[in-house]
Amino acid sequence: MDQSIINSYNEAKKLYAAHGINVDEVLEKLAEIKISLHCWQGDDVQGFLFKDKELSGGIAVTGSYPGRASTPDELRKDLEKALSLIPGKHKVNLHAIYADTDEKVDLDELEPRHFANWVEWAKEQGLGLDFNPTCFSHPKAADGFTLSHADEEIRNFWIKHCKASRKIAESFGRELGQPCVTNFWVPDGYKDTPVDRLAPRARLRDALDEVFSEEIDPQYNIDAVESKLFGIGSESYVVGSHEFYMGYGLTRGKAICLDAGHFHPTEVISNKLSSILMFSEQLLLHVSRPVRWDSDHVVTMDDELLEIARELVRGDLLPRTNIGLDFFDGSINHVAAWVIGTRNTIKALLRAMLEPVAELKKIELEGDYTSRLALVEEFKSYPFGAIWDYYCASQNTPVRENWLAEVKTYEKEVLSAR
Ligand SMILES: C[C@H](O)[C@H](O)[C@@H](O)C(=O)CO
Ligand SMILES: [Mn+2]
């Protein structure tokens, strides 16, 4: 390791030690945190099961940056590249449409064998896998309804798909020796104001009860449910609203998934973590960045990211929180998007772990809000960068922006040939 990185690290360590922070221990803890990299950033949410299907479900990818993956092998190669530039050992989050098979198989017939190549790859790479049923981009979702559809036949198709997804997830958990988090997000909703808000929600509740009717060992699979305020084409009403899934998750023992882009523009998820985990065992996060709407921009080191990280650290909520990413920007290099968003998420956690939490809590309890504000603000310019650089180097990943040259080379040698 470069001596200047070690020197800066040792100097920075002293400043943190003066506030009782053991930086070596912090880095050990940081290395334990797994971030789930969403495969769908790599190909603009296309998947491989149905070729040339338009993205539906009220989500949108903008941009046409060249080189996106169009086969499972390409996607895995791109993920490997991204992961080699990100410190730590992580997970990859698959959607059902990313099945790696030559068979012509519909969503309701998917089986673990259609993901065998993914499992083999995850084993080779030492990665965990997470999973999602894909309740969009399919003819049976064309009118915007899936699990809450009024037509029983369509509803049953989606129930079958979701059940199949849980079996696939269970197989991931068994094979990889770590739980697979299966996230259920359905886009169902109306563009315009509905007359009946209740009936679709009753259908969704019953459909989900059916989906979850089979017990699966939580050491293999953890179910999560994701709400949304609105989507494109479901501006007036979304069946699976926040209140719906708060109720559902809490009464059924399911993890609630909070996506940073699924709330009112000024509403933040950082302020929800401690409330939900007051009553729920587990949480799933979709760390994203909404810009004016649920635009799924690449995660940057903004105030909300830092606040999410602080909440997790200050409340000791990390052991009960599964951290997934959810953005899809088609306007920049797809591999770089993963690297930027994931490195930022880890860096934000590091920054939060380098705050004198015990001291700050004591000051707050004593009512010394002047010192609270002063210290929090001063810590914003403490030399966390030196610790981050050391961490990246010690994990054999590029320091600072050095990863960018590697992505540029990869773009020239691999992506541009696609
Ligand atoms: C592709 C994902 O399932 C999707 O992004 C979902 O998690 C979501 O956030 C929809 O807005
Ligand atoms: Mn999401």
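Note that Cβ sites are derived from N, Cα and C of the backbone, with glycine treated the same way.
What TrEMBL says about this one:
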- His262, Asp294, Asp296: Mn(2+) binding site (BINDING)
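Structural mapping of features recorded in TrEMBL.
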residue	record	Cβ within 10 Å
His262	Mn(2+) binding site	25
Asp294	Mn(2+) binding site	24
Asp296	Mn(2+) binding site	27
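Cβ proximity to the Mn(2+) site centre (mean Cβ of His262, Asp294, Asp296, cutoff 8 Å) flags the following additional same-chain residues: Ile59, Lys228, Asp259, Ala260, Gly261, His286, Ser288, Pro290, Trp293, Ser295, Asp326.
Mapped onto three states, the DSSP output places His262 (Mn(2+) binding site) in coil.
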